[in-house]
Ligand code: 1PR
C-alpha cells in the first residue's frame, strides 16, 4: 500500500502497489499482512518486489509493516518448513511454545510493554491492542536496537519494531479500535504524534487490580438470514428456532410465525463496535442451504461493516466447497477468499467440519489434506479458521453406555442419568451425527483450525448461563482458543465461564440485541472479578 501525501488514511491518496515503480515512488508504505509466511514471501518474490523493498527499507524511508508485514522483515521464519525473509532485522520467527499450556494462536487484546520512548507508542497510550498469530519474533541481543515494545504471552515476544522511519507491529492497528487508528494517524502525521501526551511507563504498569496481559474477549454475535419478505435481518432463536410462535388470533393456520427480526446487520455491528465489543461475528444461519459465493448480501454486509468497524470480523455459514447451478465447482478456499476480500478476518466452518471429522476418524485419525479446514489454514493461516460446533446434550446412565467422551454432570437427565456427552449436529441443529463435541474439537485442532466457537443448542436463547461442563470439557481437550457461546443472560455469566473454564472468549447474542445487558456492564463485572478485560477502546 502506498500513501501520498502523508496524512490521515481517509484523506490520503492511497494506492495499492502494483509494480516496482510504485515502491520506488512511494512517500510512505503500509505493508499489512495476514496468513502464512510462506505465501507472503513467495508472493513478494514472484512479483519482483523483494529487492525494491529491501532498498526502500535500507534507505530509511517511512514504512509500517503489520503482522506478516513485520515478520517478513526478519532473516527468516520456521513456518511452512522454513522460509527466507528480507533480512533487514536479525532473528528468526518461531512458533509459540504450545507445551506451556497457553492456547496458540495468541488471539486477542494484549498490552504493549514499551522498551523505548516513542511518539507512536504515546498515540496508543496504555490501551490494549489486537493480536492474532501463532508465530512470533523474540527479543535478543541482535535485534534489541529494533525492539520498541514487547508483549507478554508464554514469555516475552516482540510486539513493535522501530528504527528510524521504519515501523512494524505484530499486532493489527487496523483492528485495534481507536487505539489502532491513533497509531496509524501518528504514522501518517508525525507532527500530530509528537503532540500526544507522553506515555508514563510506570503509569502503564498500574492496573487498578485488573490483571494485565491477554484479555478475555467479549464477542457480539449476529445470526443473519433473509426473512419471509426477502430482507436480510439479524434474528435470534431459542434452541435454534428463530420463528415467533404462531399468533393464534391471526387465524393463519400455520404452526410457525415470522422470522424474528432484531435489526439490520451493518447497523447492529456498528453499535457493538461503539459499545466496546472485542469482536463481531456474523453467522449466515441458512448458509447450509444456499450457494455461498452467490450470497452477495453477506459479502456486501462485510464490505459495509468493515468500513466503520475496526475490530475483527468473523463470518460463518456456507463455508465449504460446492458446485453451482451451471456445474462449476467452487473449492472452499475460493469461498473463504471471497469473504476475506470483503473484510472478514476469520471464517467459521460448521457442518463441513463435522463431515470432515467423520471421515478423519474413519481413516483412523489421519489428516489427508482434502478438507476445507486444511486448505484455508494452509493458505491464510490457522488464525483465520474458526470451527463452529452446534452440540446437543445426550444423557446416559454410565460412561460404558456410549463410545463418546462423557462427563459426570451436576444436572442429571430426565430419568436421573448422571452422565452426558454432547452430540454434534449439522444443518442448523436439524441432524445429529455420530461425533461428539470433544472429538470434533480434537480433530479440527489437528487439521489446522485456529479457534473453536462452541455453541450449545440446549442453552441457546435460554439466558440461564453458559453450559460450563461443556465449555470445560472442550477447552480442556485442546490447546487452541475456545469461544463459549449460548445461554448468557446476565453479566456474571461471563465472569463464571472465565473463572470456571479455560474459555478464551465468550459470545452472546440475544441479551445484547434486546438491550437487556450492555457490553460495558459485562466488562465491569469481569473487572470486579479480577478477570483481564479490555475496558477502554
Ligand atoms: O454449517 O458452515 O453452514 O454454518 C452455519 C452456522 O450457522 C453455524 O455456525 C451454526 O452455529 C449457525 N446456525 C445455524 N442455524 C442456526 C439457528 O439458530 N437456527 N445459529 C444457527 C447458531 C448460535 C449462536 C447464538 C448463540 C448465542 N446460533 O450463534 O448466537 O447461541 O445466543 P444467545 O446469547 O442468545 O444464547 P455452516
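Using N, Cα and C of the backbone, Cβ positions are placed for all residues, glycine too.
The active site, for GATase activity feature in TrEMBL is assigned to 67 (among others). Less than 8 angstroms from the CB of residue 67 (active site, for GATase activity) sit 32, 33, 34, 132, 133, 169, 170, 171, 172, each of them six or more residues away in the same chain.
Here TrEMBL flags 172 (among others) as active site, for GATase activity. When secondary structure is read from DSSP and collapsed to three states, residue 172 (active site, for GATase activity) falls in the coil class.
Sequence-distant contacts of residue 174 (active site, for GATase activity), defined by Cβ-Cβ distance under 8 angstroms and a gap of at least six in the same chain, are 32, 66, 180, 184, 310. Residues annotated as active site, for GATase activity in TrEMBL: 174 (among others).
Annotation for residue 223 (active site): same-chain Cβ neighbours under 8 Å, separated by at least 6 residues, are 234, 235, 236, 237, 242, 283, 285, 509. Sequence annotations record features per position, and here TrEMBL assigns active site to 223 (among others).
Other Cβ atoms within 10 Å of the Cβ of residue 390 (active site), summed over all protein chains shown, number 27. For 390 (among others), the entry in TrEMBL reads active site.
Sequence annotations record features per position, and here TrEMBL assigns domain 'Glutamine amidotransferase' to 24-177.
The average pLDDT the prediction assigns to the domain 'Glutamine amidotransferase' (24-177) is 92.
In the shown protein chains, 21 other C-beta atoms lie within 10 A of the C-beta of residue 172 (active site, for GATase activity). Close to ligand 1, meaning a Cβ under 6 Å from one of its atoms, are these of the active-site residues 67, 172, 223: 223. A strand conformation is recorded for residue 223 (active site) in the three-state DSSP classification. The secondary structure of residue 67 (active site, for GATase activity), as reduced to three states from DSSP, is extended strand.
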